Amino acid sequence: KFHAYFPTANSYPAIVADMLSGAIACIGFTWIASPACTELEVAMLDWLGKMLELPAEFLACSGGKGGGVIQGTASEATLVALLGAKAKKMKEVRETHPDWDDHTIISKLVGYSSAQAHSSVERAGLLGGVKLRSVPADEQNRLRGEALEKAIEQDLADGLIPFYAVVTLGTTNSCAFDRLDECGPVANKHNVWVHVDAAYAGSAFICPEYRHLMKGIETADSFNFNPHKWMLVNFDCSAMWLKDPSWVVNAFNVDPLYLKHDMQGSAPDYRHWQIPIGRRFRALKLWFVLRLYGVENLQAHIRRHCTYAQQFAELCVQDSRFELAAEVNMGLVCFRLKGSNERNEALLKRINGRGKIHLVPAKIRDVYFLRMAVCSRFTRPEDMEYSWQEVSAAADEEEQQQK
């Protein structure tokens, strides 16, 4: 009955694996520090990538440059991708403008994201010391290729250097899907790094019926989603794939004598793929969950949540006082009382004040609405009915008070 934010997953296999990881107590910053920690992570990211049907260029088993890494959060992945893109673009600009210093180049760099992108994208820009431009979304809250092209062309005309674009698949406000199939080719044409943020919705791509939403993934340079949101792996476990990790590795490469070893170059040292140096044995819980649940059970879990969201949406539209504020995607329903924002603010305060269910709001184009996310693996159809009854009862109380 906790329906705020997006899910934070857990399961008994993941909990046991986390306990075992704590007992093993390895700090897997290099291969030599814990070969199993590194090797299992390489294997698990390949397993997971195959479940999503990611292009082979992202997978270590392809024999190419690509590979995956487990970050702590999608916020970290967004920043890591930005810093890799920044390093790549600065190298390119130095070759064409050898007289420009780093400060001059950095001052001209500009990145892009939808106005509906997560706040962590803006934060990555602040931490990376670069400008990020918010591009208006369309009426369905999606970033479109035409809008991105227009923004890039304008910045090029102003003497700026486009270097990075974040395409969101499953926005936080309304679970909208940017048009990767349009934005990717535009970014590729201008040699702009494409990072795909699918933090919540990415788990659904293990189901074939949802993979059309990631059409154009072959145009991306990096892709990220959080198994710890919707795939029964407890926090923290954020999967990230890179087509060419060398840009990130070279950007982060600090190699003191005490971390050197004879196997460098033959296996990844994941300390070069992330912001921290030390890292937990996070691949263990991913392995436990994949082995004990299997793909079909994980798919069934995703599909149940999507069905429950549709059930709640149907209950909502059957009440003439309410309306849907956005298309129902995945396990999220955006709804509101017809009328003013103030009415909906009062309704949310009353719902949460009753203490039976918990929701959070969002606002798009100055329209305030409530978000109902299916969060628990224990949720059943009767819970959706109960939650709707709570919403309806709170609306009744609010109407009585207004009389």
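Cβ atoms here come from the backbone N, Cα and C positions, even for glycine.
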Scan 88-114, 115-141, 250-276, 331-357 against Swiss-Prot and say which stretch is down as region 'Disordered'.
250-276
Swiss-Prot has Ala74, Ser75, Asn226 down as binding pyridoxal 5'-phosphate; which of Asp46, Asp181, Asp197 does it also list for that site?
Asp197
For His118 (substrate binding site) and Asn226 (pyridoxal 5'-phosphate binding site), what Cα-Cα distance in Å is obtained after rounding to a whole number?
14
Taking 8 Å from the centroid of the Cβ atoms of Ala74, Ser75, Asp197, Asn226 as the cut-off, which other residues in that chain fall inside it around the pyridoxal 5'-phosphate site?
Thr73, Glu76, Ala77, Thr78, His118, Ser120, Ala199, Asn224, Phe225, Ser238
Please identify which of Thr8, Ser75, Asn226 has the densest Cβ environment, defined as other Cβ atoms within 10 Å, among these binding-site residues.
Asn226
Using all protein chains shown, find which of the recorded positions Ala74, His118, Asp197, Lys229 scores highest when you count other CB atoms within 10 A of its CB.
Asp197
In whole Å, how far does the CA atom of Asn226 (pyridoxal 5'-phosphate binding site) lie from that of Thr8 (substrate binding site)?
9
Select the closest residue to Thr8 (substrate binding site) from the following recorded positions, measuring between CA atoms: Ser75, Asp197, Lys229.
Lys229
Distance, Lys229 (N6-(pyridoxal phosphate)lysine) to Ala74 (pyridoxal 5'-phosphate binding site) (CA atoms, angstrom):
10
